[in-house]
Amino acid sequence: LGGNTCFYGVCYYCNKEEAACANKTSMEGSMTIWLPQGWALRKWRHPWQRTYNNRKASWELDNNHCKKVIQQSPYDQGPRLLDIIDTAVFDFLIGNADRHHYETFKKGDDEGMLVHLDNAKSFGNPDHDELSIAAPLYQCCQ
């Protein structure tokens, strides 16, 4: 586009219209971190995960989805649900509609802090606010 090098991913939501493009020879990048030995992460399925096909997820059809989530561990106690809502606000601000999993430190058991990783599908289209990203906020804070 306009003489700039562009790329886009191969996924259900990826398309040429929302490609990531360099500004001539400069482009935003990513950062890789290595955690010290003993700082293992646990991967969790996000309760507001998208389906990545043409069917809608249950949370997209049920505005009371949060009532079901808060009955399940680890969202029924401790700060985890609030961490999910904080992450939803962060994801909304950066346009990250791709939060399908999240991580916590294994040493924290079910009470470990949420780690924000994989923000790659972000900052795509600054002219579009995807309100569904904020679903944990508007479904849990009614």
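Cβ from N, Cα, C; glycine included.
Annotation comment: TrEMBL describes 3-141 as domain 'FAM20 C-terminal'. The ATP binding site annotation in TrEMBL covers Thr32, Ile33, Trp34, Leu35, Glu103, Asp118. Residues annotated as active site in TrEMBL: Asp98. The Mn(2+) binding site annotation in TrEMBL covers Asp118.
Across the recorded positions listed here (Asp98, Glu103, Asp118), the residue whose Cβ sits among the most other Cβ atoms within 10 Å is Asp98. Of all the binding-site residues listed (Ile33, Leu35), Ile33 has the fewest other CB atoms within 10 A of its CB. Across the structure, Asp98 (active site) and Asp118 (ATP binding site) place their CA atoms 9 angstrom apart. Neighbour density for Trp34 (ATP binding site): within 10 A of its CB lie 6 other CB atoms from the protein chains shown.
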